[in-house]
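Enquirer: Quick one: this structure, given as structure tokens, is what I'll be asking you about.
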């Protein structure tokens, strides 16, 4: 039998005690007391923070939203079907954050920044909290740089600047998403990173958007964040904040970013659902009292930073869907008051073939032409007023046929300008192309061309400029303003092209009044002769 030596045991025990490293892990743990509709009520988390991430069983996370006296109301982010009453919940001590960085570009992710495009994991360089304070007044500078959308109707009358918040508002099926996508496609090669945030849309619609962006090469500089209609309300609520955090990474690194929220009406509905399930008191239209703050704290994060902060910018194009054109409803008026202007798209204009269906009278940019390049301002500054006056005159002209010559000229010019501002989808124009065609419209080059030929005139003009006047376009793009010399060259180019166009299309010219009168007399004589013969 082996003899036990006390000194060896003592030595071993002393060694164990000396090497013992006391690591005590303390977790604050609570219990699920009720669960339903994506909302969990928890007991025992006395030191829980508002907005803190909570760890549930089966790898599900939640976010604390209601801090009550004896319990915590949390929203669940993910599949909660396996969680039961009585399950344990742990505090993480962290605020919800999402991955950010250049690796996000070209990817489709959900509200938590997890990839959903089957292209593998994302090696993100950093993580940002979804809720961040907006930059202060000292950290900002005024909006001065233009952000071209490529749409004549917007760039010439409702110019948008980098760092601005411009609302796109209208009924369903009026082309709101199309305007936003055109802006993304037009951003190619303009040093702009785009983030498209789809909130509460059908997966098929989002797939169509992603395919369109890929087809035009726009995914190379775009991040797509998706919270589809089939996902629970907490994911819809988080989506715009997560997307903004991803866009802020580029802004904070001195780059320029554009974010599109499509749309904030569904975001407000998701927040209303969450609030009612959390038993918060309802207000107007059953929305909670802080629904204004919901959108104001989101949209205030879009800004143009000062040079000391890197000079980056984040431009926001939130989308709001109205019901039967009612812009005075609760959510539309809230977002109109938060943003720096709105682009109002009208169903009647859309159905009559005016696309983009921008209602010039109700649309406005509160930054104005300080954000537009000077050449656009020179050719388009009177356009909005001319079109508004044309609409008024057109309404009155229906009641009487005897119009003086000045009124008739104004109506004719208005018809041609309206036709000129129509634009096919996904065909954005450069600033210099817009300057040329708007100059032609506002300076009377189209006054003697029949309205049905305006579209052909415009298409031919772009081909002519590319083939014969490339230097002129380059000079407009470089100078960004029309001086006397450049204005003369523009007129010469337009006169030359117009003559060629009329030679090819002889019936495109409007007959002069003398010729029209002679034709009318001839018709009357022929009718009188025919009557006498009978």
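The backbone N, Cα and C atoms fix where each Cβ goes, glycine too.
Per Swiss-Prot, ATP binding site is recorded for 170, 171, 172, 173, 174, 175, 176, 177, and the stated evidence type is sequence analysis. Residues annotated as site 'Required for activity' in Swiss-Prot, with sequence analysis given as evidence: 363. Taken from Swiss-Prot, the feature region 'Disordered' applies to 505-534.
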Enquirer: Whose Cβ, among the binding-site residues 170, 175, has more other Cβ atoms within 10 Å than any of the rest?
Expert: 170
Enquirer: Enumerate same-chain residues with a sequence separation of six or more from residue 176 (ATP binding site) and a Cβ-Cβ distance below 8 A; give 'none' if the list is empty.
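Expert: Within the chain, residue 176 (ATP binding site) has Cβ neighbours under 8 Å at 168, 169, 170, 262, 263, 319, 321, 345.
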Enquirer: Please give me the CB contact count at 10 A for residue 174 (ATP binding site), counting all chains in the structure.
Expert: 27
Enquirer: When a 10 Å sphere is centred on the Cβ of residue 171 (ATP binding site), how many other Cβ atoms does it contain?
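Expert: By my count, 18.
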Enquirer: Of all the binding-site residues given, 173, 177, which has the fewest Cβ neighbours within 10 Å once its own Cβ is left out?
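Expert: Least crowded of the binding-site residues 173, 177, by Cβ count within 10 Å, is 173.
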Enquirer: Take the C-alpha atoms of residue 174 (ATP binding site) and residue 363 (site 'Required for activity') and report the distance between them in angstrom, rounded.
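Expert: On Cα coordinates alone, these residues lie 15 Å apart.
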Enquirer: With a 10 Å radius around each C-beta, find which of these recorded positions (172, 363) has the fewest other C-beta atoms nearby.
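Expert: Result for the recorded positions 172, 363: minimum number of other Cβ atoms within 10 Å at 172.
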Enquirer: State the three-class DSSP label for residue 173 (ATP binding site), counting H, G and I as helix, E and B as strand, and everything else as coil.
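Expert: Reduced to three states, the DSSP call for residue 173 (ATP binding site) is coil.
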Enquirer: Within 8 Å of the centroid of the Cβ atoms of 170, 171, 172, 173, 174, 175, 176, 177, which other residues of that chain place their own Cβ, given that this set defines the recorded ATP site?
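Expert: What remains near the Cβ centre is 321, 345, 347, 350.
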Enquirer: From the binding-site residues 171, 172, 173, pick the residue whose C-alpha lies nearest to the C-alpha of residue 363 (site 'Required for activity').
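Expert: Closest recorded candidate to residue 363 (site 'Required for activity') by Cα: 171.
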